[in-house]
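Report on one structure; see the data block that follows.
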Amino acid sequence: MRGSIEVIAGGMFSGKTEELLRRVRRELYAAKSVQLFKHALDERYAAESVVTHDRIALPCVPVQSSEELRRHVRAQTRVVGIDEANFFDDGLVTVVQQLADDGMRVMLAGLDMDFRRVPFGPMSALLSIADEVMKIRAVCITCGEPANYSYRCEGGDDVVQVGSSDAYEARCRTCFHMGTRICAVPHEQRPTLNIGASAL
């Protein structure tokens, strides 16, 4: 089997994990030997599962480093999925290259930029070595246009702060500079999708 590296990148709420799990499921349906990993920092929904914001989940192995991930990959594994690649150390780039050189299909998902709009962790290097790149955009919570950025609503200046819609919002380039106008509105008062029978 020919190895490959696929990177799914984008901002918060863009569907990166959903796309990763879709690809992993296809490989499972094809009876491939698959292992799924994520960085142990991500405990938002479940410690030992990769979970989308819509609560779609698959079991995984949480690891603290690229070295630990490499140790857990079994010789018979043909497909490796890695979520939250942005949280890993730079050694992930070498590990991923080695796995692909060994004939494995390696699929990674992660934030390409942090809340400051700066390349996040090893993601820029991973994007450079990838055989295939999918960059996904979210929907700006302010204006509804495509959003590339993860706006932090609360918290300090630490780059790594795990959170969901309570701490981050998807913003387009224009609305990123608008400050906390939307963040200040309680979630229960924000616009919601209302599709009734009359709208269908």
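Residue numbering: from 1, along the chain as shown.
Cβ from N, Cα, C; glycine included.
Where the annotation comes from TrEMBL, it is an automatic prediction and has not been curated.
Database features (TrEMBL):
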ACT_SITE  Glu84  active site, proton acceptor
BINDING   Gly10, Gly11, Met12, Phe13, Ser14, Gly15, Lys16, Thr17, Asp83, Glu84, Ala85, Asn86  ATP binding site
BINDING   Cys140, Cys143, Cys172, Cys175  Zn(2+) binding site
BINDING   Val160, Gln161, Val162, Gly163, Tyr168  substrate binding site
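Shown here: features listed in TrEMBL, placed on the structure.
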residue : record                 : CB count, 10 Å
Gly10   : ATP binding site       : 24
Ser14   : ATP binding site       : 24
Lys16   : ATP binding site       : 28
Asp83   : ATP binding site       : 28
Ala85   : ATP binding site       : 29
Cys140  : Zn(2+) binding site    : 23
Cys143  : Zn(2+) binding site    : 14
Tyr168  : substrate binding site : 24
Cys172  : Zn(2+) binding site    : 23
Cys175  : Zn(2+) binding site    : 21
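In the three-state DSSP assignment, the secondary structure recorded for Ser14 (ATP binding site) is coil.
Other C-beta atoms found within 10 angstroms of the C-beta of Met12 (ATP binding site) number 22, with every protein chain shown included. The residues near the Zn(2+) site, meaning same-chain residues not in Cys140, Cys143, Cys172, Cys175 whose C-beta sits within 8 angstroms of the mean position of the site's C-beta atoms, are Ile141, Thr142, Gly144, Glu145, Ala147, Arg171, Arg173, Thr174, Phe176, in sequence order. Looking at Gly10 (ATP binding site) and Cys172 (Zn(2+) binding site), their Cα atoms lie 12 Å from each other. Cys143 (Zn(2+) binding site) falls outside any helix or strand according to DSSP and counts as coil. Nearest in space to Lys16 (ATP binding site), taking C-alpha to C-alpha distance over the recorded positions Glu84, Cys140, Cys143, Cys172, Cys175, is Glu84. The full span of the recorded ATP binding residues, Gly10, Gly11, Met12, Phe13, Ser14, Gly15, Lys16, Thr17, Asp83, Glu84, Ala85, Asn86, taken as their largest Cα to Cα distance, is 15 Å.
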